[in-house]
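Student: Supplied in structure tokens, the structure appears directly below.
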Amino acid sequence: MKSLLLLVLISICWADHLSDNYTLDHDRAIHIQAENGPHLLVEAEQAKVFSHRGGNVTLPCKFYRDPTAFGSGIHKIRIKWTKLTSDYLKEVDVFVSMGYHKKTYGGYQGRVFLKGGSDSDASLVITDLTLEDYGRYKCEVIEGLEDDTVVVALDLQGVVFPYFPRLGRYNLNFHEAQQACLDQDAVIASFDQLYDAWRGGLDWCNAGWLSDGSVQYPITKPREPCGGQNTVPGVRNYGFWDKDKSRYDVFCFTSNFNGRFYYLIHPTKLTYDEAVQACLNDGAQIAKVGQIFAAWKILGYDRCDAGWLADGSVRYPISRPRRRCSPTEAAVRFVGFPDKKHKLYGVYCFRAYN
């Protein structure tokens, strides 16, 4: 017991001797690090930025370092941008930078770079925006053991529209719904996009898939059997369903296009096959559903002539309601999916700009 007590006393004296040899400055460095917390701060001037398909955008991100912090400036700064999936379960790599080393991933190659406005600027520039670029992006800055992140949302100007194929309503599983939107120059809409469309007046009584795998529908005028007679307006949520087996419609989203949408002046009405050929003869292609909605919503296109579209449907866009032309509201009117051999309609064409 005496030997153990002597060992403890010697250890205490040796520790006191060591503490006398350490400078006050060293003690302060440790004290500041403990009390002041992290020495790397990442911020975004805007939580959300807006653009459109084909445009350019800067996702803001700046970082601030404490130059007095122990170890500051020793490590290279690593900047990493990722995109969050709509269900927030995964992150998709977009861009990584460390010193002179830079790497771009996937479809972002050749379209993204750091703004580089200053040594503390981690803002990311995305050029030639696509519909798939919409979403939330995370900026992460790492220096040694210190790191911080910020999330920036990229919103696109555009229009949400409900869609179902020739087979009729409630015939698409989730994967087919995704492809159906792509076939119409669109992507499957997010909940935020549907919610914004509902706030803008979209009222649709058929449930459709959204990008997060949920099934919902927007009601501005509750009625039976659309949301219930005595209920409040809102986006009705059916929840999450089996993506392979469950079948619903889909809500698609599209944005500006780089081309010309127009109704082809032709001496006669056309069958579907004749309509396709007529657009080709005019140096164009038969238009898609997403293009007629974009022309109507974004450009204010108005035409009171029913015309064929690429999916075999017949529609016409009205931005100025009037007698015999959607008198009650501005809308893209849906005639249906008639027999493709019927020679009763004109055609809407789309000519892309190079």
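Glycine too: its Cβ is placed from the backbone N, Cα and C atoms.
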Student: With Cys279 as one half of a disulfide in Swiss-Prot, pick the other half from Cys139, Cys181, Cys205, Cys349.
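Tutor: That would be Cys349, the partner Swiss-Prot lists for Cys279.
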Student: With reference to Swiss-Prot, specify which of the listed residues Cys181, Cys304, Cys325 is paired with Cys252 by a disulfide.
Tutor: Cys181
Student: Name the cysteine that pairs with Cys325 in a disulphide bond per Swiss-Prot, restricting the answer to Cys226, Cys304.
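Tutor: That record, Swiss-Prot, gives the partner as Cys304.
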Student: Among Cys61, Cys226, which cysteine is annotated in Swiss-Prot as forming a disulphide with Cys139?
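Tutor: It is Cys61, per the disulfide annotation in Swiss-Prot.
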Student: About how far apart, in whole Å, are the alpha carbons (Cα) of Cys325 (disulfide bond) and Cys139 (disulfide bond)?
Tutor: 49
Student: Using the structure shown, find which entry in Cys139, Cys226, Cys304 (the disulfide-bonded residues) has the sparsest Cβ neighbourhood within 10 Å.
Tutor: Cys304
Student: Out of Cys139, Cys226, Cys279, point to the one nearest Cys252 (disulfide bond) in space (Cα versus Cα); all of them are disulfide-bonded residues in the record.
Tutor: Cys226
Student: As a test of reading the model: what is the averaged pLDDT for the domain 'Link 1' (159-254)?
Tutor: 96
Student: Looking at the disulfide-bonded residues Cys61, Cys205, Cys252, Cys279, Cys349, which one has the fewest other Cβ atoms within 10 Å of its own Cβ?
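Tutor: Cys205, out of the disulfide-bonded residues Cys61, Cys205, Cys252, Cys279, Cys349, has the fewest neighbouring Cβ atoms within 10 Å.
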Student: As a quick check of your reading of DSSP, tell me how many residues in the domain 'Link 1' (159-254) are helical, how many are strand and how many are coil.
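Tutor: Across the domain 'Link 1' (159-254), the residues distribute as 19 helix, 33 strand, 44 coil.
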Student: What is the nearest of the disulfide-bonded residues Cys181, Cys226, Cys279, Cys304, Cys349 to Cys61 (disulfide bond), using the Cα of each?
Tutor: Cys181
